[in-house]
Amino acid sequence: MINLLDFNKTELVRFCGEMGEKPYRARQLLRWVHQSGKTDFMEMSDLAKGFRHKLMECAVVQLPEIVSDHTAGDGTRKWLLSTGAGNAVEMVFIPEPSRGTLCVSSQVGCALACSFCSTGRQGFNRNLSVAEIIGQLWWANRLLEAGSHDPFPLDTTRVQTDKPETRRPVTNVVMMGMGEPLANFENLVTALDLMLSDDAYGLSRRRVTVSTSGLVPALDRLRERCPVALAVSLHAPNDALRDQLVPINKKYPIRDLLAACERYLPAAPRDFITFEYVMLKGVNDSVALARELVQLVRNVPCKLNLIPFNAFSGSGYERSGAEAIGNFRDVLMQAGIVTTVRKTRGDDIAAACGQLAGQVRDKTRRTSGCGTGQPAVAR
């Protein structure tokens, strides 16, 4: 059976054509599935009955299964979605008065093995399908519209948009969950197409952000195929330190990464790149490194986002203190670089990316008598 959640509009037009249907049927299907949240073809009332019966014979709308739902005291909400074989991925909703941001995963685990990342410690299992990526947004809109566990509902009067579609609970999407989005390139781009489509979620390019650790060739392809807002996980101002924290830097060093960022800017929906910098106590948080960072990025239109480290068991790192973060920020701001410190959210629900999914995987392995290596099969 074909899962229609795997198709963007172009692919749905082709699919409908193969069934002898007009292109407008694709638009109808997109709206029923992504805007109305329907998964039963018989409820799609403006489709001809004959077409609905044909769809039932060859297609489904199959979503990933929600296996747990956690809400923090600050309103942050994290869901776990089963991906089979005892594995799970996470999506996180961060409510604010003027926006609702959904953090979306792109892979089960991650092969890049960043030393401070809980997901990276789990290793790589597989890429998520388009349905598993876009299904996170589908689920978030449905669950949040239901109103349960949402102490901070979106104030739509403060949302800067002309599109009624973005008055749904999720107004912004950041591809900053589990996995390296650009390592799952084709599925990522198809999911982005759906996020941006007026027949699906109607988000603007400025409200969709892809975060990357620095896959330079794929970054160039994203610029050509679907340029959305860009965030780069930098975390160090020199190759020696970044090689330790972000091993992909050995293949695509900082000089090549910054050159790719400069190539990306003319196509980007924003006139700057966001550089993310996790603050690790005694590792990358000194004033000297802040000054080095100023020299590195001063000619690139950018914003720096300093991220207090979310500790997890066995990480070997600690979060920088408030004074160290403040001193680091001050050096950047005094140099004229727009700098923010990310507000820590969801500390009471295992906020570190991949932490809850890792707990599920570890529990499954223990139950099945498995050690490291191939993932256990859930029973």
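Every residue, even glycine, has its Cβ placed from backbone N, Cα and C.
The candidate list Ser197, Ser211, Ser286 contains one residue that Swiss-Prot assigns to the S-adenosyl-L-methionine site with Gly179, Glu180, Ser233, Leu234, His235, Asn310, namely Ser211.
Set side by side, the binding-site residues Ser211, Ser233, Asn310 differ in how many other CB atoms lie within 10 angstroms of their CB, and the most is found at Ser233. Residue density at Leu234 (S-adenosyl-L-methionine binding site): 29 other Cβ atoms are found within 10 A of its Cβ, drawing on all protein chains shown. When Cα-Cα distances from Glu90 (active site, proton acceptor) are compared across the binding-site residues Cys114, Cys117, Gly179, Ser211, the shortest belongs to Gly179. This prediction places the mean pLDDT of the domain 'Radical SAM core' (96-348) at 91. Counting only same-chain residues at least 6 apart in sequence, those with a Cβ under 8 Å from the Cβ of His235 (S-adenosyl-L-methionine binding site) are Cys114, Phe116, Arg242, Leu245, Val246, Glu276, Tyr277, Val278, Asn284. Take the Cα of Gly179 (S-adenosyl-L-methionine binding site) and measure to each of the recorded positions Cys103, Cys110, Cys117: the nearest one is Cys110. Looking only at the recorded positions Cys103, Cys110, Cys117, the one with its C-alpha closest to Glu180 (S-adenosyl-L-methionine binding site) is Cys110.
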